[in-house]
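Since the structure comes first, as structure tokens, the remarks are kept for the end.
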Amino acid sequence: MPTSTWNRHHVLSLADFTAAEYDIVLKTAASFQEVLSRRTKKVPALQGQVVANLFFEPSTRTRSSFELAAKRLSADTLNFAASTSSMTKGETILDTAKTYLAMGTDIMVIRHKEAGVPNAIAQEMDRLGVRVSVLNAGDGQHEHPSQGLLDLFTICSLVDPANPRLELLQGKKIAIVGDILHSRVARSNIWSLIASGAQVHLAAPPTLLPKLFAEYIFGEETAPPGQLFIHWQLEPALQDADFVMTLRLQKERMTAHLLPSLREYHQLFGITRAKLQLCQPNVKVLHPGPVNRGVEISSDLMDDPEFSLIQSQVTSGVAVRMALLYLIGSGKT
């Protein structure tokens with residue numbers, strides 16, 4: 001598997017990923033996808049290493065797939081729950097991380113409601129001079145790198161199952177619809193899709209997609225080699241789209257009344273079969289989950305395998321997270 005050109009010790013953001021790094025992840029994930037199709041779905045790649053899942057926020061897909069990915073690589077896993085930890089007694093996040101370090105952890109997978117926590121822990125590990133890698137599993141509204149990579153892998157694998165690679169999305173139109181303001185998934189996907197040369201169209205109500213969002217992300221309105229477009233109506237984003245990604249309304253992060261009602265939101269921005277008629281005939285729909293049925297996407301469309309890639313995203317998640325753990329862990333053996 002391709003590790004010779006992989007030099008990244010931590011995976012904290014996709015903002016500085018190179019095209020070569022994207023392709024290494026895609027190629028490695030494709031190899032592990034084949035492993036997962038076997039009767040015995042396990043390899044000894046990380047045998048003897050310890051992967052600690054430090055989740056300070058609730059999670060189903062991300063936590064479970066990271067745990068399964070580590071076990072498929074034969075690593076030992078530790079699962080942390082803040083509600084039953086010493087943090088309830090006042091222990092700090094950094095002290096918690098150091099506790100897991102003292103137990104011999106090799107890779108820390110970290111999710112937290114506050115942006116920057118994985119970066120802070122990575123910096124502390126580097127300061128201590130230890131060979132512990134940190135993988136960001138979602139931090140506040142900042143980023144969710146593994147989700148961005150698994151979405152990229154899901155799309156590229158559909159275009160060319162035998163050889164998923166970044167260049168396959170050059171010129172493709174991809175719409176991202178929903179609560180972009182609060183979405184770490186949107187930010188990671190924007191970085192990866194822009195890097196591929198895709199045309200990325202964001203669509204949401206103005207309260208969930210500020211006018212200066214592109215400048216906030218890039219410091220300018222567009223970033224080569226792809227292009228970023230902002231729409232406050234759904235139709236321009238869907239017109240001739242090859243892929244549509246719809247995002248959950250993150251009501252837990254909304255500090256103000258940003259929407260009149262969920263019913264009105266669904267009428268204006270919810271994805272339905274009828275609205276997909278604006279897209280390319282073979283359009284596919286993605287959602288990172290969890291899904292609010294009948295809000296971001298109609299229930300019948302979500303369950304329709306002709307259009308929906310939602311279950312494929314979950315499947316891809318294990319292979320992609322195996323790839324990430326393998327790539328950052330292979331230098332430790």
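Numbering starts at 1 and runs along the chain as it is shown here.
Note that Cβ sites are derived from N, Cα and C of the backbone, with glycine treated the same way.
For ARG61, THR62, ARG111, HIS144, GLN147, GLY289, PRO290, the entry in Swiss-Prot reads carbamoyl phosphate binding site. Residues or ranges marked as L-aspartate binding site in Swiss-Prot: LYS89, ARG184, ARG248.
Mapped onto this structure are the features recorded in Swiss-Prot.
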{"residue": "ARG61", "record": "carbamoyl phosphate binding site", "contacts (Cβ under 8 Å, 6+ apart)": "GLY289, PRO290, VAL314, GLY317"}
{"residue": "THR62", "record": "carbamoyl phosphate binding site", "contacts (Cβ under 8 Å, 6+ apart)": "PHE55, ARG111, ALA137, GLY138, HIS144, SER146, GLN147, GLY317"}
{"residue": "ARG184", "record": "L-aspartate binding site", "contacts (Cβ under 8 Å, 6+ apart)": "GLY138, ASP139, GLY140, GLN141, HIS142, GLU143, HIS144, GLN147"}
{"residue": "ARG248", "record": "L-aspartate binding site", "contacts (Cβ under 8 Å, 6+ apart)": "GLY178, ASP179, SER183, HIS287, PRO288, GLY289, PRO290, VAL291, ASN292, GLU296"}
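The record gives ARG61, THR62, ARG111, HIS144, GLN147, GLY289, PRO290 for carbamoyl phosphate. Within 8 Å of the mean position of their Cβ atoms, the other Cβ atoms in that chain belong to SER59, THR60, ALA137, GLY138, VAL185, PRO288. Binding-site extent for carbamoyl phosphate: residues ARG61, THR62, ARG111, HIS144, GLN147, GLY289, PRO290, maximum pairwise Cα distance 16 Å (rounded to the nearest whole number). GLY289 (carbamoyl phosphate binding site) has a Cβ environment of 16 other Cβ atoms inside 10 Å.
Other C-beta atoms found within 10 angstroms of the C-beta of HIS144 (carbamoyl phosphate binding site) number 26, with every protein chain shown included. Within 10 Å of its Cβ, the residue among the binding-site residues ARG111, GLN147, PRO290 with the fewest other Cβ atoms is PRO290.
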